Amino acid sequence: MMQGEVSPSPSLIDRTIRMRKETESRKVVLAWGLLNVSMAGMIYTEMTGKLISTYYNVTYWPLWYIELALASLFSLNALFDFWRYFKYTVAPTSLVVSPGQQTLLGLKPAVVQTTPPRDLAATQISPSPPSPSIQGQSVLSYSPSRSPSTSPKFATSCMTGYSPQLQGLSSGGLGSYSPAVTYSPVSGYSKLASFSLSPSSPYPTTVGPVESSGLRARYRSPPTAYNSPTDKEDYMTDLRTLDTFLRSEEEKQHRVKLGSPDSTSPSTSPTFWNYSRSVGDYAQTLKKFQYQLACRSQAPCANKDEADLISKQAAEEVWARVTMNRQLLDHMDSWTAKFRNWISETILVPLVQEIESVSTQMRRMGCPELQIGEASVTSLKQAALVKAPLIPTLNAIVQYLDLTPNQEYLFERIKELSQGGCMSSFRWNRGGDFKGRRWDTDLPTDSAIIMHVFCTYLDSRLPPHPKYPDGKTFTSQHFVQTPNKPDVTNENVFCVYQSAINPPHYELIYQRHVYSLPKGRNNMFHTLLMFLYIIKTKESGMLGRVNLGLSGVNILWIFGE
């Protein structure tokens, strides 16, 4: 700020904001004033002509007093608005700023008075006798005897101009403080200000290194105004320079916190390693520190980004054997999200609703012991045979539950996976906690559950096959689980092969080739996506005699056009 007071009130920023508000309000108050005058005139016309009384044949005598009150109110509002407009127009808030501040504040030349920095500095800086505690020492060098109240600050003219290179300093003689002081972030902060020579100044022209403690408090006033009541804070006029300045000072503060005794010496300044010096120049400094081996990080050697990159490259190599279009991998995340959504909305949500409906029917029929999630799979299969006419969907539901003896966990986990729309609780290599007990390998993983319900759903969509009387046409033809192994030598084998149980890993077998996508949380989804993509591109969208497109299962929409 370019004011001469110690604590200006209001500040330059506040006055600038107020001036902008006045400029914006000038047009608004004028409009309101004209509106109030118009309303008052209309009411006065009605009072004199009695238009309402004549037109509506109203003789209510308080009406005139109501109109008088409204006319008076609008008139007073109009007078107040015109007074504000006159005040903002005739006597607006004016500012005295430097050209740099005018540019930063975005002020128009018509509303400010621009004063050259030299004149402003000349009106603020007055010579004063030097303090004995700083006589004969560097202006910005550290002195243990210096009291906190005498810490030097930048003058208002210190920051009026910046240069990309350090201004030269005179090495001899005495100098007087110049209002054209320049600051350079390239100097490494070992030199900060330039002084013009004059025999009247008691201060040396050399400037020592900047201390790293109390950094921001030490760069605020000229050397001739440590305790002067006219010294004033200033703002840097360039954001890039300010950022560079603060970053370098924070680096120096960090060196001080490390406990280095030479942190304030020129050798440990930010430019210490920028000079062309030999190793011998650092011998005295380096021998003070003991060489220690760094602790080995507990994190894995390859971070997540590197693992993802390797996984993506491996996936590209596998997909390149299926299609030459390498841009497909750019859509893989979108395909995976759509596929998860399809499984949730098409299989899991309807399955949970049907299970709850069947359980309700069982209770109404007086069979509470056959509640799904409590009864065993064997009991449910027998009930499906006996009560098939009453509950025809029970047999289809039992096929989805024929995965693990722990029916309660399976049902609860399917309910959890059906929530959220996109299986947000899915965990590829484990499952959910059950009755306060953490998941263990005696329970199926989420990948196993999703693969089972997916295969069972397609079993229900494919027509019956005489070779598979149990109705598991898709599962028997297109899914193989270890310890069983597919016949890779058979060209007609087209299946998903689960080669590992914990953690689960899936591979695709197609035309005597094994396509093994990268392991991890998306292995199952990506393998199934490749399975469906081959059906779409190489099998014309047909899985046997069933169309997986719009006219059939309607799952190939996830690939778009």
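Placement of Cβ uses the backbone N, Cα and C atoms for every residue, glycine included.
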Looking at N-linked glycosylation site as annotated by Swiss-Prot, pick the matching residue from Asn36, Asn274.
Asn274
Specify the nearest of the modified residues Ser11, Ser98, Ser248 to Asn57 (N-linked glycosylation site), where nearness means the distance between Cα atoms.
Ser11
Across all chains shown, how many C-beta atoms besides its own are within 10 angstroms of the C-beta of Ser248 (phosphoserine)?
18
What does DSSP call Ser248 (phosphoserine) in the simple three-state scheme?
helix
Give me the Cα-Cα distance between Ser11 (phosphoserine) and Ser98 (phosphoserine), rounded to a whole Å.
15
Distance check, please: Cα of Ser98 (phosphoserine) against Cα of Ser248 (phosphoserine), rounded to an integer number of angstrom.
27
